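Asker: TrEMBL feature annotations, pasted as is:
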type: ACT_SITE; residues: A:CYS128; note: active site, acyl-thioester intermediate
type: DOMAIN; residues: A:128-263; note: domain 'Acetaldehyde dehydrogenase C-terminal'
Amino acid sequence: MAADTRRRVAVLGAGLIGIDLVDRVHRSAKLDLVLVAGRGQNSLGLHRVAELGYPTAAGGIGSVVEAGPFDVVFDATNADSHAEHWAALRPTGATLIDLTPTGLGTVVVPGVSPHYPVASRHLNLVSCGGQAAIPVLHAVSRHCAPTYVEVVATGAAASAGRATRRNLDQYIDTTSAAIRAFTGTEDVKVMVNLSPARPAPPFRVAITALADGFSPAHIRTSIAAIADTVRGYAPGFEVTSLAMGSGRISVAVQVTTSGRRLPHHAGSVDIINAAAVLLAEQSAAAL
Amino acid sequence: MDTTAHERPRVLLHDPTLRDGQHAVGHQLDAGQLRAYAIAANAAGVPVVEVGHGNGLGASSLQIGRAALDDATMLTTVRETLTSSRMGVFMAPGWGTAKDIAAAVRHGADIVRIAAHCTEADVTERHLDVVRELGAEAQGVLLMSHMAEPRKLAEQCALMVRFGAQAVGIMDSAGYYLPADVTERVAAIASAVDVPLIFHGHNNLGLAVANSLAAVDAGASVIDATARGFGAGAGNTQLEVLVAVLDRRGVSTGIGLREVLAAADIAAARVMKAPPSIDSTAVASGLAGVFSGFKRPVLEAARAGGVDPIDLFLALGERQVVAGQEDLITDVARRLKVATG
């Protein structure tokens, strides 16, 4: 039997995002799920992961360092804890893929920057809204220089866990900063809604750019192309409306799930987790 | 509260004329208008004057509407006029951030309301904490509260109290409630928390004052009301009417009737083009349970898309849209147009 060449992976955090990540890593032929670490014996998420038959530990980052070294660690905890996690993992040689909205590592949006950033072992995935909006905005800003960009992300209440809810300010700040970096537009506004509607509505991101002198045909073509690219890893990504005129480009994007365990509406979790696993697999290929 | 048997029960009237009223004028109130009404409300002894963009701190946007003035200008303008009234602001996490709260308190906000949709109180944890740390009064309110059962609202209010809210309550953002709905909900919340309870009504079904009275009878002690009912959609609970009604009820507000009537007249003359009215779309919007602030964007989208605004309100109600989802309005209008040919 050939030696196992899969990357040794740990998932830190057993909330909504962490549990879905566990499932995806398990299904990946390139990744070997070695540990899922949560905080405290009473974590419901950790119990669920254990029930699914995966190895768990309750000591958070301490458990990960102890069971290491790992090739890849996903941080699916919260923005406030992330810096400490990176400090602990940095000396171990692991690549840390941050799914919390810190913007501390190299910011990566696979739809825009398809090449794995070999030089960095600390990657950040902005936010679910950033993962959905930035490809579209990047396509737009190739053809014009928006003077203002606005992004409104609406997720179902059921798709946002406790950490997400506590990190709304960081979500807004990090997504705004990443949009500035990817588009060159200074004036950026990001807003987030959680919808209590039943049945839960799919994840939706409304994107508006104010710009002059653009060719609607070029923008339409570019957005269609980038949507195809994103669908390569997040098949539920869809541009549901595109309106252009009088100095304004308005795009609505909807993301539904492609994973097995996630409900249809939880496209927010889907798109960021799909991006995370893609990066982890690319890190294996980049060896 | 330190009421004795001889004192009349007290209710604090919280006046968001210069915040909720912004919805009626596309968030275009200017400094002269803010100043004129704030001076009048202060003179009338209105205890709290709330000011800001219609959706509160940080909400000025293409999505919800851009305000004529930025938050800092609105707040400093009103602050300068207030000698006895306290100044209130409103912020929903996701629209504004802790930075907006800090700036508001720096500009003299005494009371900061942190808002969440009816089942989402846990988004207020961080920001209620920020308000407390800054030393302002922290209040927690649930928007679109008709979408949740009384027990759920009570649980969510208790959560906000745990996060540090010094008063909590519900907003009838769509103007959907009947008085019995309010009684049931306020009573449920009253049995779950021991801080003052807030009720904020809208008048789509002509019941804002009656609902506010029901809230007081069920134990609410902070009632929102605006001059001439100036506010989103069909407007809010009418302040000067409520002062009179509560007086007849034997409830003290500390506000003089003549003074509040004068303030309302100034609002009518200076702040609004026309007082709010319960037009046909407002009735449909209330019945559909749609956020009152959607009125202007719905009318615009219906006109642009060639659909009946009442149909559009009903379609939005079916999708249970909440405040902040204005981007859905044109999409739903377009689908409606396709469906109806």
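Glycine is no exception: its Cβ is also placed from the backbone N, Cα and C atoms.
Can you walk me through where each of these features ends up in the structure?
Answerer: In the three-state DSSP reading, A:CYS128 (active site, acyl-thioester intermediate) counts as helix. If you draw a 10 Å sphere around the CB of A:CYS128 (active site, acyl-thioester intermediate), it holds 31 other CB atoms from the protein chains shown.
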Asker: For the domain 'Acetaldehyde dehydrogenase C-terminal' (A:128-263), what is the mean per-residue pLDDT, to the nearest integer?
Answerer: 95
